[in-house]
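Student: One structure follows; several queries about it will come next.
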Amino acid sequence: MNREEIIDIFTKTGAMLSGHFRLTSGKHSNRYFQCAQVLQHPQYTQKLCQELANRFENQGVQTVIGPAMGGILVSYEVARSLGVRSLFTERENGKMSLRRSFSLQPGEKVLVVEDVITTGGSVAEVIEVVKSLGGEVVGVGVLVDRSNGKANLGVRTEALLTVSVETYDPDNCPLCDQGLPAVKPGSRQIT
């Protein structure tokens, strides 16, 4: 898939939003990628996740893990394409962990996936969970990298779409200065 095909999917599904948004990272932005708008369409989910899977097909991936919520469908579909199992992490008392009797074997080769990264914070937490359980992270795959490649996760990272989107600290946000209310379209609570 080329960049234009990927952008076309995000545009057709209404997944690229403009306005004033509070991101999961706590930062503010004038653009938001609502990947759920894409992921509700199995034909697009399959196509995008197959492309991610192709980028890691020779890495010996044994398990794919994504953080709840956005990474669950991506993890499942990438794992299906690779013919391996899919797990997801969840927050428990504010800390990312594997629950539901999910486990990893020491040395298990894991691909971490996510729908969108801005700072890479959630993915970094998943990487730490994998390492703490003795797993080996072979890479990270994301649908959209809003950091324009600046999120350094310490492992090979593949993004289907890498974009540069303005982000602002809440204390220095021109959209707030204009009196525009910030909307929190994602699912994780900001503390």
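Positions of Cβ are set from backbone N, Cα and C atoms, glycine also.
According to Swiss-Prot, the record shows the following:
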type: BINDING; residues: Glu114, Asp115, Val116, Ile117, Thr118, Thr119, Gly120, Gly121, Ser122; note: 5-phospho-alpha-D-ribose 1-diphosphate binding site
type: BINDING; residues: Thr118, Arg146; note: orotate binding site
Student: In the three-state scheme derived from DSSP, which category covers Gly120 (5-phospho-alpha-D-ribose 1-diphosphate binding site)?
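Tutor: In three-state terms, Gly120 (5-phospho-alpha-D-ribose 1-diphosphate binding site) counts as coil.
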Student: Return only the integer: C-alpha distance in Å from Ser122 (5-phospho-alpha-D-ribose 1-diphosphate binding site) to Arg146 (orotate binding site).
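Tutor: Cα-Cα distance, Ser122 (5-phospho-alpha-D-ribose 1-diphosphate binding site) to Arg146 (orotate binding site): 14 Å.
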Student: Thr118 (5-phospho-alpha-D-ribose 1-diphosphate binding site) to Arg146 (orotate binding site): how many Å between their Cα atoms?
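Tutor: So the alpha carbons of Thr118 (5-phospho-alpha-D-ribose 1-diphosphate binding site) and Arg146 (orotate binding site) sit roughly 5 Å from each other.
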Student: Which residues of the same chain, at least 6 positions away in sequence, have a Cβ lying under 8 Å from the Cβ of Arg146 (orotate binding site)?
Tutor: Ser29, Phe33, Val116, Ile117, Thr118, Val163, Val165, Thr167
Student: Are there residues of the same chain, six or more positions away from Gly120 (5-phospho-alpha-D-ribose 1-diphosphate binding site), whose CB falls under 8 angstroms from its CB, and which are they?
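Tutor: Set apart from Gly120 (5-phospho-alpha-D-ribose 1-diphosphate binding site) by at least 6 residues yet with Cβ under 8 Å, we have Ser147, Ala151, Asn152, Leu153.
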Student: Other residues near the 5-phospho-alpha-D-ribose 1-diphosphate site, CB within 8 A of the CB centroid of Glu114, Asp115, Val116, Ile117, Thr118, Thr119, Gly120, Gly121, Ser122?
Tutor: Thr24, Ser25, Val123, Val142, Arg146, Ala151
